[in-house]
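If you look up TrEMBL, you'll see 1-17 marked as signal peptide. The domain 'Ionotropic receptor 75a N-terminal' annotation in TrEMBL covers 39-210. The transmembrane segment annotation in TrEMBL covers 340-360, 397-417, 594-617. Annotated domain 'Ionotropic glutamate receptor C-terminal' per TrEMBL: 342-424, in sequence order.
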Amino acid sequence: MKAYFIIIAVIFMPLSGMVINHQDNHVRSYIFGMIKAVHTLVFTCTYKEAAKGIKQLSSFNTFMKIVNLKSSKCMEALFTPKVHAKTSIFIDCRCIEAGDVLHKGSNGMFFNKTYQWMLWDAANKCLPLLYKLKNIGPNAQLIKVHRQNSTFVVSDCHSKGRHLNAALEFIQLANFFSNGSSTILDYIDRTQNIYCRDNFNGLLLKAATVIDQDNITSNIEIEDILSRSHKESGVAAFAKYHYALFCILRERFNFTVKFRNARGWAGKLGNSSLRLGYIGIMQRNEADVGASASYNRINRFDFFDILHQGWKLETAFIYRLTPNIGYKNLKGDFFAPFHIYVWFIMGGICLLLTVVWMCIEYMVSKKTDQFTAVNVIPVNVVGAICQQGMDPSPMGISSRIISLTTFVFSLIFYNYYTSSVVGGLLGNTVEGPSTIDAIISSELKVSFEDIGYYKILFQYNKTPRIRKLLEKKVLPHRGPKDLPVYTHLEDALPYVKKGGHAFHCEVVDAYPEIAKQFDVSEICDLRVVFGLLESELLNFVIHKNSPFTEIFRIVMRRAVETGLDKRILKQRQPEKPPCSNLYTVYPVDLTGTFSAFIFLAGAIVSSLVLCCIEGLFKVQVQVFKCQLQ
């Protein structure tokens with residue numbers, strides 16, 4: 001047997017009133033010497049005789065527990081999911097209460113790889129009990145032993161699914177032990193692995209999927225929609241991926257299927273706890289396997305077994321960056337290349353430079369009796385910063401050093417300034433709204449793919465962000481020419497291309513259509529904002545403790561190891577179309593040039609005020625001269 005969860009029952013119960021004797025050493029050697037069962041539960045109605053057998057076998061296995069079938073006090077404690085692995089279960093079918101034990105084991109889904117059952121069928125009473133059980137599947141580890149005189153008849157028992165009315169299958173392993181226990185061990189290993197139980201012979205299984213379209217009920221319609229490679233309205237990309245995984249299982253195990261379609265994934269009926277949609281179908285065990293996927297939620301782990309995790313759900317807002325969405329183009333701002341404190345320092349330096357220059361000229365004038373007019377020095381400073389020359393040119397060495405350093409200073413800053421502005425206009429560095437909150441605060445009109453999980457999100461999610469999104473973007477009235485809140489990808493992309501609209505969908509669905517409808521420069525303008533829905537691996541699920549859990553997991557693991565899963569992902573997850581433009585020129589809007597216009601307007605107003613003051617001063621001077629005359 002394999003090393004994982006080996007659970008072998010103990011054959012030591014009395015047969016015809018006799019306990020194990022010295023002649024049965026080969027039985028004990030087989031069970032304890034080769035299989036090495038660690039924990040054993042013995043269900044019997046002949047407690048005293050079984051206790052004698054325990055004493056003889058205690059040296060082989062110290063963790064053995066005898067359960068008296070006539071007392072049901074400890075039955076519920078023994079049959080719980082908390083019972084650990086490496087536990088063998090032996091049941092004497094001669095006991096009337098043996099049927100209750102098997103019934104509880106069936107209802108609790110305990111016929112799986114975790115438990116090895118052995119039924120002692122001394123009076124041919126096991127078969128009627130087995131045929132009443134509904135949850136024996138291909139994972140069952142069930143051995144039936146019938147002793148006739150000195151011969152043991154050992155048979156392996158399983159079914160492809162008793163809950164689906166599949167037949168019980170018996171494979172006779174041996175009719176005596178003395179012929180070599182190693183041979184029997186090899187037989188058990190081969191009959192209880194996947195290679196012996198992988199053909200379901202066309203057994204009809206039930207599967208659940210999600211297609212958010214009207215009147216989709218037949219298998220032909222469902223499989224036709226899910227098998228198409230292109231985008232379908234109301235069908236998530238991950239639903240097609242998990243349908244492809246389901247097809248791997250169907251081809252590997254040779255079963256047929258009856259699909260049950262749900263319009264959505266989750267939801268509840270009113271204020272009750274009844275779950276709707278795909279999650280409700282799988283939770284109530286109304287489908288044997290899911291052909292869609294489930295989010296990771298703590299409250300779902302008690303209801304589902306995970307077969308595989310391969311698809312990472314990535315949904316996002318997709319919009320095109322255009323000037324009419326209210327983004328702030330800092331690279332086109334007049335003051336943007338320098339921080340505000342740099343501008344203040346530059347102004348302070350220019351003022352200090354003017355004062356120093358005037359002091360130097362004053363000191364020079366005392367020696368040479370030549371003094372430059374006070375109003376000329378500030379003009380010369382401005383001319384040096386603007387690299388426009390000076391008039392008159394400075395005569396002293398100190399004044400020339402100041403003018404030269406001012407030219408160099410302005411040249412360095414001018415290079416920084418112009419390179420930043422030009423690089424900002426030519427480089428692809430302009431960013432629009434990059435968070436969900438920024439999307440909500442922007443001028444973008446938002447829409448969502450017309451699929452179930454968005455409606456569930458707005459109905460049951462009451463977080464502040466979702467409420468804000470509802471109030472500002474979803475609930476406000478829209479005109480007849482506006483894009484609806486819930487729409488389809490092919491209808492939304494023309495609006496996204498035009499600008500001013502953001503569409504939320506699964507990004508791998510949008511990429512092929514974007515490549516068809518957008519040109520190179522428009523692709524470079526696209527922005528993607530994640531965060532509304534969690535990006536995480538989705539679960540390919542089956543009902544908790546399903547008879548198919550272990551055998552389906554093996555096939556999914558081998559699909560990963562052989563690269564088949566990766567091949568399907570590559571087909572179903574196209575990459576974003578590349579932006580092949582070297583650069584994109586973004587026009588500077590009014591927001592970016594507002595500071596420059598304010599600066600110019602302030603200069604004009606200042607000049608007009610000074611002009612008026614100068615004119616008024618000249619008039620007053622002339623009046624004063626006339627009065628003197």
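Glycine too: its Cβ is placed from the backbone N, Cα and C atoms.
Here the transmembrane segment (340-360) has long-range neighbours at 374, 377-378, 380-382, 385, 396, 398-399, 402, 406, 409, 413, meaning same-chain residues at least 6 beyond its ends whose C-beta is under 8 angstroms from one of its own. When averaged over the domain 'Ionotropic receptor 75a N-terminal' (39-210), pLDDT in the model lands at 75. Beyond the transmembrane segment (397-417), the same-chain residues lying 6 or more positions past its ends with a Cβ under 8 Å from any Cβ of the stretch are 337-338, 346, 349, 353, 356-357, 360-361, 364, 380-381, 384-387, 390.
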